[in-house]
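Peer 1: Pasting the feature list from Swiss-Prot:
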- 37-61: DNA-binding region (DNA_BIND)
- 89-112: DNA-binding region (DNA_BIND)
- 118-127: compositional bias 'Basic and acidic residues' (COMPBIAS)
- 128-149: compositional bias 'Polar residues' (COMPBIAS)
- 9-65: domain 'HTH myb-type 1' (DOMAIN)
- 66-116: domain 'HTH myb-type 2' (DOMAIN)
- 49: S-nitrosocysteine (MOD_RES)
- 53: S-nitrosocysteine (MOD_RES)
- 118-149: region 'Disordered' (REGION)
- 204-247: region 'Disordered' (REGION)
């Protein structure tokens, strides 16, 4: 089971040290030096165990012990040594001769441990914020690249359309030239069938007939006006019929009507070709 602690022996005093006990211990250490702690209680007559005497001297009575706040340099050393050695406070205190292991342990538990936890939390939050900013930046870059690629695609389509547009204009010019040729051929064909002298003679003949018809109509109207009252109404009725009757069509008018109907069909064909050219 091992050796029982010396503090559990009968007659060993526990609890706070008195000023008289401190004076006896300091006087003995100054005379004999620190060491051989097992003989200290017997040689001094103190009712304390050897471990209690050593800790009292090391943590409170030895000269050069520094009290008060820890400097930033001391804090850094404690943090570094605690990460390497763990909670071995006596070993850590050996690197800080002016600080006791008890003071180092208390300062670690009350200040440094909480400070490190807060620093780790802040560092974690900062890392998360950086990660979020990085992801948002990547998303922005991806969006810009997508927009650039779409813009490039549109530019390529426009470039292809500009290349294809001269072909469509060429086809439109070809259709217009073709329609112009058809119109010229149509005019030449009918001018061959109806010479200018024949058309002029037909027009003069129709015009003279129209004038003679008007003279005959005037004579008839005067005769009807000079008749008796019985025939007056009949004469008026005949005048109205003659006035509303459609005069006979001359040769030139018939030809113009035929040309108009034929030209209407040609114009429909031309409009259809123009629509096809616009679609191309």
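For all residues, glycine too, the Cβ spot is worked out from N, Cα and C.
How buried are these features, and what lies next to them?
Peer 2: Residues in the DNA-binding region (37-61) partition by DSSP class (helix H, G, I; strand E, B; coil) as 20 helix, 0 strand, 5 coil.
Residues 55, 58-60, 64-67, 70, 74-75, 77-79, 81-82 of the same chain lie 6+ residues outside the DNA-binding region (89-112) yet bring a C-beta within less than 8 angstroms of a C-beta in it.
The Cβ of residue 53 (S-nitrosocysteine) has 25, 37, 40, 41, 44, 46 as same-chain neighbours under 8 Å, each 6 or more residues away in sequence.
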Peer 1: Pull the DSSP breakdown for the DNA-binding region (89-112) and write it out as helix, strand, coil residue counts.
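Peer 2: Output for the DNA-binding region (89-112) reads 18 helix, 0 strand, 6 coil.
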Peer 1: Write out how many residues of the compositional bias 'Basic and acidic residues' (118-127) are helix, how many strand and how many coil, based on DSSP.
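Peer 2: Its residues divide into 10 helix, 0 strand, 0 coil.
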